[in-house]
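Everything on this sheet refers to the single structure shown next.
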Amino acid sequence: MLQVATIKNNLDKYVNGLQKRGFKGAEELLNDVLTLDENRKRIQGELDEVLHESNKIAKEIGQLFKQGKKDEAEKAKTRTSELKQKSKTLTEELNGIETSLTKHLYNIPNIPHESVPVGNTDEDNELVKLKDKNIPNLGDHKKPHWDLIEEYDIVDFELGNKVSGAGFPFYKKQGARMVRGMINYFLDKAAEAGYEEVQPPVVINEASGLGTGQLPDKEGQMYHMEANDLYLIPTAEVPITNMYRDVILKQDELPVKHTGHTPCFRREAGSWGSHVRGLNRLHQFDKVEIVQVVEPEKSYEVLDEMVSHVENLIKSLGLPYRILRLCAGDLGFTAAITYDFEVYSAAQEKWLEVSSVSNFETYQANRLKLRIKNKEGKKELAHTLNGSALALPRIMAAILENNQTGDSIKMPEVLHPYLGFKEITRR
RNA sequence: AGAGGCGUGGCAGAGUGGUCGAAUGCGGCGGUCUUGAAAACCGUUGUACCGCGAGGUACCGGGGGUUCGAAUCCCUCCGCCUCUGCCA
């Protein structure tokens with residue numbers, strides 16, 4: 001969430017930033033926010049005065065009772081009724097303004113970093129790096145992964161349909177082992193890079209959803225359990241980042257680096273089509289996430305560090321990949337900048353997004369009330385960042401397709417120790 | 001799930017209607033002393049908002065209520081503990 005004071009001091013910058021995103025009516029909305037804030041201050045001031053007055057009288061009454069001057073005390077009571085009425089009115093007015101103000105702020109996205117390219121759709125995303133030399137020539141054996149998984153019996157969508165529904169597959173045999181192996185590999189690599197492992201809950205409350213910005217923006221995209229008013233997490237970002245909600249970090253606790261594996265649940269409402277097949281899009285998938293909380297001055301340096309961590313992971317798996325800097329229009333609600341990683345899946349001849357790494361600057365921290373106490377003892381909002389390292393199903397799809405030989409599917413060497421086999425075979 | 005108890009500042013722990021933003025201890029910070037450190041002693045030490053400032057307001061798990069006045073009384077929600085029950 002943006003800070004009112006910052007909006008006020010940088011109105012043009014914020015208007016431009018939102019317009020860059022294609023956000024309609026930015027100027028009007030921001031002006032509304034400023035007006036609401038002005039009103040808030042004014043009413044708060046009036047209320048404070050009224051409360052001051054009635055506090056004073058209440059104290060006097062206390063004194064009078066103590067001195068046994070009951071009559072005078074009773075008389076003083078009558079003076080407060082008008083004040084009470086006034087404070088009630090003002091409080092209601094204030095609550096109304098504050099509700100409206102937060103609602104406005106909740107619905108304003110982050111503004112893009114200056115390096116974010118202009119654009120409206122994914123076609124305007126900027127290609128930062130392309131490593132496609134190792135795209136295999138599959139020749140005669142060029143089966144998409146949805147055929148391969150049936151042939152080798154490693155993922156079962158039918159079974160998933162029966163037990164849960166579409167988009168909830170069973171991984172079987174060497175497929176199940178592959179999932180477990182990749183999770184362990186990714187977690188080990190994150191640990192090597194200094195990320196402390198956590199295993200967070202996979203359900204979150206409303207406050208956490210608001211904290212990282214999934215709510216109210218993505219309300220309809222999360223599974224909601226009404227009986228308990230809890231949500232299934234769409235990413236480990238939510239529980240892990242919310243570990244630091246209402247926290248003031250000391251300098252020596254920084255940087256905060258966490259990694260965690262969780263299943264991720266997404267309703268993907270409205271995003272299904274004929275182009276979505278196999279592992280390309282699921283309602284439940286596994287992901288290893290990396291999260292950092294850092295000082296503002298260091299966040300862009302840290303962003304680069306996270307980008308290269310993800311890049312090294314993909315490289316180590318031997319997959320062709322490209323890195324994109326998302327254009328303003330394609331940027332997530334809370335992000336100031338995002339790098340997407342895509343791997344090339346050679347049989348379906350498609351680039352698949354497998355990671356996105358983002359800097360949220362103070363946007364989440366402001367909602368989370370996540371602050372840093374700096375050397376001078378002053379508190380400032382932290383910067384939060386996160387990235388997928390990595391999301392599994394599409395990685396799996398690319399490995400299966402790119403490494404098929406006709407008789408087997410070769411596994412990347414780095415995974416061998418994690419799998420207990422070097423290739424997937426028909427059995 | 002049922003019964004009972006509890007939820008106070010970084011921590012521990014007083015406080016059952018006014019003088020309480022809150023005793024006391026520990027911890028933290030500053031100082032005295034010391035070659036240095038410890039101990040001892042002195043001082044200081046919550047957060048947010050408004051205001052140039054003086055100062056004001058709010059906050060004792062969350063929300064609501066009673067009252068001139070609430071940490072204190074009532075309602076409700078959440079959480080924790082104990083016992084009973086149930087169950088990975």
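From the backbone N, Cα and C atoms, a Cβ is placed for every residue, glycine too.
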To which of A:Thr235, A:Thr362, A:Thr425 does TrEMBL also attribute binding of L-serine at the site defined by A:Arg266, A:Glu289, A:Asn386? A:Thr235
A:Arg266 (L-serine binding site), number of other Cβ atoms within 10 Å: 20
In sequence order, which residues at least six apart in the same chain have a CB under 8 Å from the CB of A:Glu289 (L-serine binding site)? A:Thr235, A:Ala236, A:Glu237, A:Ile240, A:Thr259, A:Gly260, A:His261, A:Thr262, A:Asn386, A:Gly387, A:Ser388, A:Ala389
The mean pLDDT across the domain 'Aminoacyl-transfer RNA synthetases class-II family profile' (A:175-417) is 93
Between the binding-site residues A:Thr235, A:Ser355, A:Ser356, A:Asn386, whose Cβ has more other Cβ atoms within 10 Å than any of the rest? A:Ser355
